[in-house]
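Colleague: Mind looking over this structure? Questions follow.
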């Protein structure tokens, strides 16, 4: 039974749509699950602060997860998804498929930092229970909460649904290829070319094929639930309100069409339209004196001749193994034991 305060909250959301603002500023109001019907055609379920789902009353064939803010300072995807939620709650968008929105690291958003204590995107597939992390941290509790929300969301559908998860990010540094996606390791399954075409329609033409299991959010959804899942990098980190949203027109429009069931008119896959890379080296930091041997502002996907020194630390030097080997996500400031650089080389899809 809903209280007077709950009715006021629901009315406020339908008028203003400000679920994310409410989650960040008055999280206690959405701490407990709340469900209501939107305009007699969509079931709304507030799971917890920053986690909300929408389900059309008409049966659909897709279950979609859109996540943003897994790193709190990656603002453009947060702003995109926030606007979707506002538009759905206020009736400007009508969803055609079940969709779960996750705004990941709320305290880090307030601090304008990637995380508070732990990198949330290294805590999935139960890594939050590892002895190597602070299990009392906000991020460990949040990773567990997010895993449970995703499991419940996918599990509450019917067996004929196709599952999708787009984990939206922006990168610390600029990139030679501004928008790119990481395709999680598939354990021998085929990469889906229709998904590549879909992301190409979003303005993403560069794909990095992961070569091993990881503890990222997209790998969790892919491995545990068979979802078409990607970590999608949409550009460079900017402060809230400082993003040039015209740079996100393609991804914004395509995702909006996808969740509202409008035709996508995807181009057939052609390997000439995309750049495909595979991971060659995963370079982890083993000592406090780990140091990159290139500029801190070097763009992602910058490449090097074979033998070039990429990084060093006590007892180790790390060099390019191939001509044209490129670096992605270099970050010397990670914790010991975590990935400091990915190196990638060009490849093709089977």
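A Cβ is built for glycine as well, from the same backbone N, Cα and C atoms used for every other residue.
Model, not experiment: these values are computed from the prediction.
Feature list, courtesy of Swiss-Prot:
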BINDING   71, 74, 169  Zn(2+) binding site
ACT_SITE  233  active site
Colleague: Measure from the CA atom of residue 74 (Zn(2+) binding site) to the CA atom of the residue listed as 'active site' and give the result in Å, rounded to a whole number.
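Modeller: That separation, Cα to Cα, works out to 10 Å.
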Colleague: Apart from 71, 74, 169, which residues in this chain have a Cβ no more than 8 Å from the mean position of the Cβ atoms of those residues at the Zn(2+) site?
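Modeller: Going along the sequence, the neighbours come out as 68, 69, 70, 72, 73, 77, 114, 121, 168, 170, 171, 237.
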Colleague: Provide the three-state secondary structure of residue 169 (Zn(2+) binding site) computed with DSSP.
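Modeller: Looking at the DSSP assignment, residue 169 (Zn(2+) binding site) belongs to a strand.
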Colleague: Counting only residues 6+ apart in the same chain, whose Cβ is under 8 Å from the Cβ of residue 74 (Zn(2+) binding site)?
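Modeller: 68, 114, 168, 169, 170, 237 - these are the non-local Cβ neighbours of residue 74 (Zn(2+) binding site), listed in sequence order.
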Colleague: Cβ distance under 8 Å to residue 71 (Zn(2+) binding site), same chain, sequence separation 6 or more: which residues?
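Modeller: The answer is 104, 105, 108, 114, 115, 119, 120, 121, 169.
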Colleague: Check the residue listed as 'active site' against DSSP and tell me helix, strand or coil, would you?
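Modeller: Where the residue listed as 'active site' sits, the three-state DSSP reduction gives strand.
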